[in-house]
Amino acid sequence: MPSSPKRKPEADATIDDSPPTTAKKPRLETTTPDHDTDFPTDDIVTDKSAPDSQISVPQALAYWSSIPPTVSGVLGGFPQVSRIDLQGSRNFLAKLRRSSTPAAASKKKLTRALDCGAGIGRVTTGFLSKVAETVDIVEPVKVLTDQLTPGEGGVGRIFNLGLEDFPPTAAESDEGVGPYDLIWNQWCVGQLPDATSISYLKRLPSLLAPGGWIVVKENLSNHYLGEDVYDEVDSSVTRTDGKFRKLFEEAGLKVVASEVQRGMPKDLFPVRTYALQAV
């Protein structure tokens, strides 16, 4: 299921995600800073009072099946952020590739990418198909993926599965899955409880081509108490940066680069992109 940009609760304090006052370009954070965590480690899998415990897959599926299959629909009524978001993603990947091995940087196009929680394929058609020869799709809501045609515009296979059920078993997929140079997860991991997110992320490295990346691009909670925030509209959770990094650690992944999306409206949650590889 996709998720979307989200408006900040008015009572929450904000974090400063504004562009620097100088003309310097934002640079990737290629080291992982220390982050204070205000929750015990075992909260990720055992805390039944945590916001992610309220996530309901049937409720989320019902919501995403009811929205218009348009950019405005999948972006929660904020279609104006699409151009900003896609440009930010292109810039992030370009810098990531330049900072990696010379072979990856010199390659004109990636061979195969995977768009997870793809919705109508906004990210596929607006970004991934321009940097990869073929883009496979993972999205459980068929009314959304009906907007895409395999074999057209770089679209490869379409898996109508939830992230919790991906990849399909060998019995369910006669062609196998991957390998992928890039697995892109945007505004979708918030639809999974913490423990399910860890399980899902643990499965992804086996689908990567050598030197490939898992990317997670999500809203960040800036709750004044440093807590995750549950959204009852689409039954998703907006996590803190510290929580994301803890989930990645639990999944055996390391953050190799990270960056805050620039140019997002100030009344929306900030958005951060993480590039991950296996430890």
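Cβ from N, Cα, C; glycine included.
Heads up, TrEMBL stuff is auto-annotated, nobody curated it.
Q186 (S-adenosyl-L-methionine binding site) has a Cβ environment of 25 other Cβ atoms inside 10 Å. Taken from TrEMBL, the feature S-adenosyl-L-methionine binding site applies to G117, R122, Q186.
Per TrEMBL, the feature compositional bias 'Basic and acidic residues' maps to 26-38.
Residues annotated as region 'Disordered' in TrEMBL: 1-52.
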- Message: With Cβ-Cβ distance below 8 Å and at least 6 positions apart along the chain, what are the contacts of G117 (S-adenosyl-L-methionine binding site)? List them in sequence order.
- Response: M1, P2, S3, V138, E139, L163, N185, Q186, W187, C188, V189, Q191
- Within 8 Å of the centroid of the Cβ atoms of G117, R122, Q186, which other residues of that chain place their own Cβ, given that this set defines the recorded S-adenosyl-L-methionine site? P2, S3, V74, D115, C116, A118, G119, V123, W184, N185, W187, C188
- Message: Below 8 Å Cβ to Cβ and six or more residues apart, same chain only. Which residues does that give for R122 (S-adenosyl-L-methionine binding site)?
- Response: V71, V74, L75, S82, L86
